[in-house]
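Working notes, structure below.
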Amino acid sequence: MPDTSVKYVAAIDQGTTSSRCIIFNQDGEIVAVDQREHRQIFPKPGWVEHDATEIWSKVQAVVAGAIAKAGLRADQLSALGITNQRETTVLWDRATGKPVHNAIVWQDTRTSALCNELGGADGQDRFRETTGLPLASYFSGPKAAWLLDNVPGLRARAERGELAFGTIDSWLIWNLTGGTNGGVHVTDVTNAGRTMLMSLETLEWDQSILSAMNIPESLLPEIRSSAEVYGTAVGQLAGVPVASALGDQQAAVFGQACYDTGTAKNTYGTGSFLLLNTGNRPVPSKNGLLTTMGYKIGSEAPVYCLEGSIAITGALVQWFRDQLGIIKTADEIETLAASVDDNGGAYIVPAFSGLFAPYWRSDARGVVTGLTRYVTKAHLARAVLEATSWQTREVVDAMYQDSGVQITTLKVDGGMTKNNLLMQHQADVLGVPVIRPRVSETTCLGAAYAAGLATGVWNDLDELKAHWQRDAEWTPAMDAGVRDREYQNWRKAVEKSFGWYADGS
Ligand SMILES: Nc1ncnc2c1ncn2[C@@H]1O[C@H](COP(=O)(O)OP(=O)(O)O)[C@@H](O)[C@H]1O
Ligand SMILES: O=P(O)(O)OC[C@H](O)CO
């Protein structure tokens, strides 16, 4: 039976491949977890969609599952926090509550040509000063513009004020708080910051970008902080304050207690996202990173981050398993890779949908290079894992060049961090210790923390920081000469991936 004197906070993590709900107690410990996958829809090469209605059903199911497993009633939850896959774009009809098209997922490349067109003479940097982002198919604004221009009737309906735009946080909050029956249409600064429509300075929609992309403001949600009560849930969570929203990578920053300027975390999932807290001012990037929001607690000053977004890391392990069939489970890759001492000279650059940070090359495609007859599947298994650590090394180098901050330890989380060989290689190629916390579900934890701060479950960041505990640490052991030589090889391999896809779409 749950302890009735303890306060509980629920968090929903709506991710790219699955949704989960985790309930935490006041010590930040997990009480119950429920998780469900949703369909990945691939209508054409490079296109990736989700059914937002299916996502909403799965979210309701995992909330019910987690509450049941915890043996709690909704009225025992002090708050609900939301964290989500970022950039994925939903348009829905305000009157019916139904999406007007499948959601366009962050990985979808259909807007590459539109982005090239929008860039004009300024190219990728046209909106960078205002938004911190290079023009790339990754972000939501061009996805919304594409829908308005390509789905018959949508532009007229949007101009009549009949439609709503949202990233997944907005879609969930609107539904959780009543949908067509009074649902609130809001987003938080971390999600709004990934649309390429928000100014990092004012934290408001930027009129000149809206007009350049031809997006009516009436579509857009109100931008709020990441930790405040947006509304009260109805339905199975009736009465629970919906009290936080954070993009999943920013939620991991919050859950990893990266509250001090100069602290960083890397989350290793489908892709990997390394965020460095740069304090209360945005730091512009000249080296292929994103300047992005970290979080904003109520009326406090916003915190900014530099981000190195890597599109494919864990997804390369999935490809090795599912497309090549060399391993049967993701865990097997460690045993196979450990059966040899090195990569045998082979490198794999997983530019499956171009390369994100620090290159932003939509013309890149994957390469396997350095092959000789000596190379076995075990060497390739190593090359798969090393692709993750080398890509991370490149974004860490870019962080240093942009911010002058030399990362002295790296906090890590996500599904790949259970791979010891990978984590050791990561420490080796960065030359700094890599540390994993005891609660590895840092994304949900961050959303729960923010919701709990907004509702008085926790008082301040110091209290949250005290919950963080080390679980495992890997220290660098590689000879510096070997490391530098291998890094050069990696960079040569990356160059070979450029220019494979001529029109960049
Ligand atoms: N033992 C392992 N070694 C390497 N990669 C792994 C291992 N176990 C899982 N993965 C990878 O981790 C990813 C899943 O991590 P997760 O944090 O759940 O990702 P996401 O939230 O993006 O779905 C998958 O891409 C999978 O291939
Ligand atoms: O859902 P994830 O964990 O793959 O994260 C996706 C990122 O938010 C994309 O920007």
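Backbone N, Cα and C atoms are what each Cβ position is placed from, and that goes for glycine too.
What TrEMBL lists as domain 'Carbohydrate kinase FGGY N-terminal' is 8-255.
Counted within 10 Å of its Cβ, the other Cβ atoms near Thr270 (ADP binding site) come to 22, all protein chains included. Look at TrEMBL and you will find Thr16, Arg20, Thr270, Gly314, Gly415, Asn419 tagged as ADP binding site.
Annotation source TrEMBL lists ATP binding site at Thr16, Thr17, Ser18, Thr270, Gly314, Gln318, Gly415. In this structure, Thr270 (ADP binding site) belongs to neither helix nor strand by DSSP; it is coil.
Around the Cβ of Thr16 (ADP binding site), 21 further Cβ atoms fall within 10 Å across all displayed protein chains. According to DSSP, Thr16 (ADP binding site) sits in a coil region rather than a helix or strand. TrEMBL lists Thr16, Arg86, Glu87, Tyr138, Asp248 with the feature sn-glycerol 3-phosphate binding site.
Counting only residues at least six positions away in the same chain, the Cβ atoms of Arg86, Thr267, Phe273, Leu275, Glu307, Thr443 sit under 8 Å from the Cβ of Gln249 (glycerol binding site). The secondary structure of Gln249 (glycerol binding site), as reduced to three states from DSSP, is helical. Feature annotation from TrEMBL assigns glycerol binding site to Arg86, Glu87, Tyr138, Asp248, Gln249.
As annotated by TrEMBL, domain 'Carbohydrate kinase FGGY C-terminal' applies to 265-454. Note on the domain 'Carbohydrate kinase FGGY C-terminal' (265-454): its mean pLDDT in the predicted model is 95.
Ranked by CA distance from Gly314 (ADP binding site), the binding-site residues Thr17, Ser18, Glu87, Asp248 have Thr17 at the top as the closest. With a CB cut-off of under 6 A applied against ligand 1, none of the binding-site residues Arg20, Arg86, Glu87, Tyr138, Asp248, Gln249 are retained.
When the binding-site residues Ser18, Arg20, Thr270, Gln318, Gly415 are checked against ligand 2, Thr270 have a Cβ within less than 6 Å of one of its atoms. A straight line from the CA of Gly415 (ADP binding site) to the CA of Ser18 (ATP binding site) spans 13 Å. Comment: glycerol site residues Arg86, Glu87, Tyr138, Asp248, Gln249; largest CA to CA distance 15 Å, whole number. The two recorded residues Gln318 (ATP binding site) and Thr270 (ADP binding site) have their Cα atoms spaced 9 Å from each other.
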